[in-house]
Amino acid sequence: MSPIVLLILWEVTVRVGLLDARFFPAPTSIASTFVSLLQTGELVFNTWVSLQRLFFGFLLGGIPALALGVVMGLSRPVRAAVDPLISATYPIPKSAILPLILLIFGLGEASKIVMVAIGVFFPVVINTVAGVLEIDKIYHDVGKNYGASRWQVFRTVALPGAMPLIMTGVKLGVGMGLILIAIAEMVGAKSGLGFMIWNAWQTFAVETMYVGLVVIAVLGFLFSLLLNELERFIIPWKSDQQG
């Protein structure tokens with residue numbers, strides 16, 4: 001009920017003049033703009049473009065991060081070699097490297113996808129390493145006693161055992177990806193939700209700005225629900241332990 005109450009209060013305070021409608025348009029005005037953008041197809045198009053970039057960026061950053069994270073967790077020499085590099089580069093604000101990404105990859109699709117990939121990479125690799133390291137040593141010993149190859153250990157011990165923390169990394173990565181794709185689309189893009197928000201700011205179309213922000217928030221919420229359901233499906237024992 002609290003969001004509904006908040007929206008009602010927002011609407012009332014704008015109508016009575018307590019909030020400046022130029023900066024805080026009434027929710028009904030935002031809803032009207034939302035419907036208008038849906039009817040013109042602008043909102044659907046920009047949302048679809050952003051989702052495509054997010055998807056490809058997630059694949060580009062998430063798959064290598066998953067593989068590297070498992071290898072780092074299983075191999076002490078690899079972990080000793082790679083961990084300092086990750087520790088040094090992880091704290092760098094990802095938005096701060098956007099100019100470098102644009103310099104290397106230009107203003108096309110590649111720069112947006114790479115930005116998402118970088119944002120996704122770190123949460124996934126860090127959580128994957130932590131997940132593998134938390135696996136009880138007895139499971140590795142059982143695999144060795146049965147003569148399991150490195151690939152079999154990877155597939156049957158490390159990956160399933162680390163899956164709870166891997167999913168945590170995936171959730172964090174999706175959130176970071178949404179943030180970074182919006183930032184990347186504000187610079188040098190001609191489509192996407194970030195572009196729509198930035199273009200609305202330039203033309204002082206405040207309602208459109210709010211629509212873009214709301215859509216990004218809703219996407220984040222839907223992704224969270226989807227990943228929670230996926231987690232319950234692929235890690236059923238986690239729900240049993242929590243219950």
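Using N, Cα and C of the backbone, Cβ positions are placed for all residues, glycine too.
Remember, TrEMBL labels are computer predictions, not curated facts.
What TrEMBL lists as domain 'ABC transmembrane type-1' is 47-227.
Annotation source TrEMBL lists transmembrane segment at 55-74 (among others).
Here TrEMBL flags 86-107 (among others) as transmembrane segment. Among residues of the same chain six or more beyond the transmembrane segment (86-107), those with a C-beta under 8 A of the stretch's C-beta atoms are 114-115, 118-119, 122, 125-126, 176, 180, 183-184, 187-189.
The transmembrane segment feature in TrEMBL is assigned to 113-135 (among others). Long-range Cβ contacts of the transmembrane segment (113-135) within its own chain (Cβ-Cβ under 8 Å, at least 6 residues beyond either end) map to 53-54, 56-58, 60-62, 64-66, 68-70, 72-74, 79, 83, 86, 89-90, 94, 97-98, 101, 105, 157-158, 161-166, 168-170, 172-174, 176-177, 179-181, 183-184.
Away from its own ends, the transmembrane segment (156-184) comes close to residues 50, 53-54, 57-58, 61-62, 65-66, 69-70, 73-74, 94-95, 98, 101, 111-112, 115-116, 118-128, 130-132, 134-135, 139-140, 143, 148, 192-194, 197, 216, 219-220, 223-224, 227, 230-231, 234-235, 238 of its chain (Cβ-Cβ under 8 Å, at least six residues beyond either end). The feature transmembrane segment is assigned by TrEMBL to 156-184 (among others).
Per TrEMBL, transmembrane segment is recorded for 204-227 (among others).
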